[in-house]
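**Q** Next up is a structure, given as structure tokens.
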Amino acid sequence: MKQRFSALDVRATVANLKERLIGLRVQNIYDVTSRTLLFKFAKPDSKELVLIESGIRLHSTQFARDKSAMPSHFCGKLRKHLRTRRLLNVRQLGSDRIVDFEFAGGELTAGYHIIVEFYASGNIILTDHEYRILTLLRVVQPSENVKMAIGEIYDAKSIARDFQSVQLEKLQTVLRAAGPKDVLKKVINTNFDYGPSLSEHAILVAKLDPNLKAATDMDTSEGSPQMKALLEALEEADKLIEAVGTTVPKGYIILKETEKKNEDGTNLELYDEFHPHLYEQHKSRPFKEYDTFDAAVDQFFSEIESQKIDMKARSQEENAAKKLEAARREQMNRIHGLESLQLTNVRKAQLIENNLQMADAAILIIRNAIATGMDWRELEDLVKDEQKRGNPIALMIDSLKLETNQVSLRLSDPDYESSEEDSSDEDDEKVEKERKEPSKVDVDIYLTAFANARKYYDQKRATAAKHEKTIAASERAMKSAERKIKQELKESKITATVSKIRKPFWFEKFLWFISTENYLVIAGRDMQQNELLVKRYLSKDDVYVHADLHGAASVIIKNSNPGHEIPPNTLHQAGIMSVCQSKAWEAKIVTSAYWVLPDQVSKSAPTGEYLTTGSFMIRGKKNFLPPVQLVYGFGYLFKLDDASLGNHVKERRYLATDETDESKVDAEKEKESKTGEKATPEKQEPPEPVDVEHNVPSANSEASFDGLQSTENSAAASVTSEISDQQLSTDFEQDGESGGEEQSSGQTTSQDQSVASDSSDDDDEDMAFPDTQVNQPAAGGSQWDKYNLQTLGDDEDAFDQDGASQHDTDTRKSYITAKQRRMMKKGKTLDELTQSPEPEANEAKQTPNKEVNKDSKKSQPIAPSRGKKGKSKKIKEKYADQDEEERELRMELLGSNKGPQPKGKKAKKEAQAKTESLARQLAKEKAKQEYERKRAEAAAAGEAAAAEAPVKTRETRAEKKQQTEEIKQMLKEENITVLEADEIANLSVLDSLTAQPVPEDILHFAIPICAPYTALQKYKYKVKLVPGSGKKGKAVKQVEALFLGHHEATEREKELIKSVPDMESIGTMMSKVKVLSPNMEADKKGGKKFSKKK
């Protein structure tokens, strides 16, 4: 059977692949076996699968094959360099069995080559555009001077020699130099590049015998008819080779001649050879013709593979059937053994009954002899002497078993008489012979003969009961054996892989975990590591967390966002880690941790004191965290391949909250509680306002409205301030300044509502955790850098200056004291409060801003004064497009149409939430309208510019855009998420670790992690740990058993969890723990019930 490609086969395949693959992109590369790769080429609405087996074959395929779940290192290298690359050319290097695939390069690379060798054991080599080897399947050394290794240059020029046509002189020289035993077929095949099949074909066309002796039987003289015919045939072979290289040839599969039949009675087709041409030697044999040689090769090897797979599966099934038959045979032997034991016991009991007197006499004699103290050997000699004398009782005794108080008697059935009729049945003759011959029966010398018979009957009854139970249990045993064998068959299909020893991350030598906001938290295992952490790894943007407990770990939170403060949730989780890694875990003490800044941690001790290793001096204020619960967790993280990062890029991201305003309100309340009065607006530091008009993209901006929406929440409060200022001017005569005072800014509103609560509640809330202050950066300041809003509006500095001045004006204009707000909530209006007489003492305490507000309110004219007309005219022009519904919405936001103010904390929160929601809705509508207008302008400008641009530029852009879309679509079909450039730049090593793997992910290894349970809430594999008495090793085994029995666990995940070394898991696990799982007991019970049902 032909099993590998010849040079002509390679030439035919290259002609076919060149026609179908050039211009396509590599969508993905898969491992089929260790030496077989599957390349997937694609373009819109077209896909091609190309199978390459090193040294054997190369062809496209239409058959589905099982691919390896985990790509090999070599396959991963090919994916890294060739995925999404366009195939430029496929060529055969000269006339040799070597194929060169040329791929286009990218922005930073010039191109790549895949070189496939089909001679000897073959090889697959990846090179760059200069044929420098990047990676290869096998490292070999063809000769002393040439070495195939990474970094070497592949000499393609010396290999790429063209096919040489045959010449008469060379043919005569070769034939005359042949040995005496060399046949003509071997000589032609060895000295020319025709291959064995084409050489034999040319000899047969020349009407010669392929087995002709070239040295003796071949006439090599000039003008010889043999030489002339052979030369013409070889010239036709040259033309055939040229035709195969230029046109796509047909394919032929030569079948074996056999008389075997299929199950349906048809003739069995056994493939033997494949060729791009129907040679002369194969015309008399059965064959199958295909349109292309590539299709014939695909059918040939696919059928061979399917036959091998069927034979392997059949072999496994046969082995399973043998095991099942052995189990069934064992059960039947056990049942037959019990049945024969019953018959034997009955037979012995009957023999004792039939020889009752003789058996009693023998038992009595032996018992009396022992009672007299006779030696056992003397007793045996006495029995032998009596047997020689012919004593019938002595002849009945076979042997003495006095060590077990038994005597073996030879008993026969005296009442049995053989049948007079001759029996022809062999079984009956065997039974008759057994009944005639005496049987050995063991009897107890301290029991009578009748008691011995009863003993055998009791044994028979016990054996019968066991027999019934065995029959009843045999069916269950067979079903259990079938399940076990099926499970073995299922497990045998899983290929065993040798996992590579992974390189640990730098932080794995410490205690570590990743917080829910993707911050790395590390702690020392001992004093030396605590010292190392602070001296080497504590940076200026990090946070140091500790607890005033013996053995508490020094915890460092690595700040991955310089300039941003650590979120409170991460601080709390780090505090849990510090407390649980101390003596509080064993003592079950609930306490608090604290955090400080790096500049507060010092190694310098006060005068006269000494700091030991791992101890540090904390200077300044300690920010204490809330008391923590002693609840820890254990789980697994999985290392992702680069191709799977897009599926988890936002798995752990710090979600920006509106806690900035709340933290500032708390700070303001604390300040009021200390000073006794509210801070003046001039001393406040309001958040930077975000003007919606500045957030609209310009005409040349390509930013989308979706990106703009991310700033709406942060801009809602400032939008309210802007609306307030504008509407106050329009409705000044109707509403006074109550609306502006009510909604000067989102920050002021929050502060006023907080101040409006009872003083006792404020004191309680302020004193709950006085040292815990986690201030978030202002939303306005961070949004510029995060979303690149400079490109969406005016200059940032100008925007900040205008917004700040406007905000200051609004704040001074709308300032209301805490007392006035409390009186307004009781139902009084602002006018009543301003007109009511105030004591002189209170007037003396008023701030200058309040006096200015009073004077401005008393001097309000009824008719518009000078300057107001122009302002009103501008406002009317600005709000010309405003309808009644929008006006009512704005008025509701301003509070002008509101009735009685809500009372109670819950009502206040609901009113505030409603106001903020309306503000966001209005901001969104306004921004969307402005965005649509700007977008239309940008589209019009783009069309005008495109019309003026050259046609070549438009075609280049369209082609580039089309290529980008093709690449994205190809990767999307492979479940590969494409990351943008900014996302790739922001990725860290932590983003390559996932706790929520999906079946499409390519996973490299698993990492055990022990962390606060709150940090493991979203983990797929997690358990809860609480203080207990369990040891580390036992806890790790229990956890691993739980994870391997997870109902959503894939085979790859189970394999990676099993491959984690025990010492690595034990080193990560907490000591003296109790393992808890949400459904641990239910899973155990459910598993037992499920097994019983099966």
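Positions of Cβ are set from backbone N, Cα and C atoms, glycine also.
TrEMBL lists 314-341, 464-491 with the feature coiled coil. What TrEMBL lists as compositional bias 'Acidic residues' is 414-429, 759-768. According to TrEMBL, the compositional bias 'Basic and acidic residues' annotation covers 657-694, 877-891, 922-937, 951-963. Annotation source TrEMBL lists compositional bias 'Polar residues' at 697-731. Summarising the annotation, TrEMBL assigns compositional bias 'Low complexity' to 741-758, 892-902, 938-949. Per TrEMBL, the feature compositional bias 'Basic residues' maps to 866-876. The domain 'NFACT RNA-binding' annotation in TrEMBL covers 509-620. According to TrEMBL, the domain 'NFACT protein C-terminal' annotation covers 985-1075. For 411-437, 657-963, the entry in TrEMBL reads region 'Disordered'.
Thinking about packing and proximity, how do these listed features fit into the structure?
**A** Sorting each residue of the compositional bias 'Basic and acidic residues' (877-891) by its DSSP state yields 10 helix, 0 strand, 5 coil.
For the domain 'NFACT RNA-binding' (509-620), the mean pLDDT of the prediction comes to 89.
Within the domain 'NFACT protein C-terminal' (985-1075), the DSSP-based counts of helix, strand and coil residues read 38 helix, 24 strand, 29 coil.
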**Q** Taking helix as H, G and I and strand as E and B in DSSP, count the residues of the compositional bias 'Basic and acidic residues' (922-937) in helix, strand and coil.
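**A** Final tally across the stretch: 16 helix, 0 strand, 0 coil.
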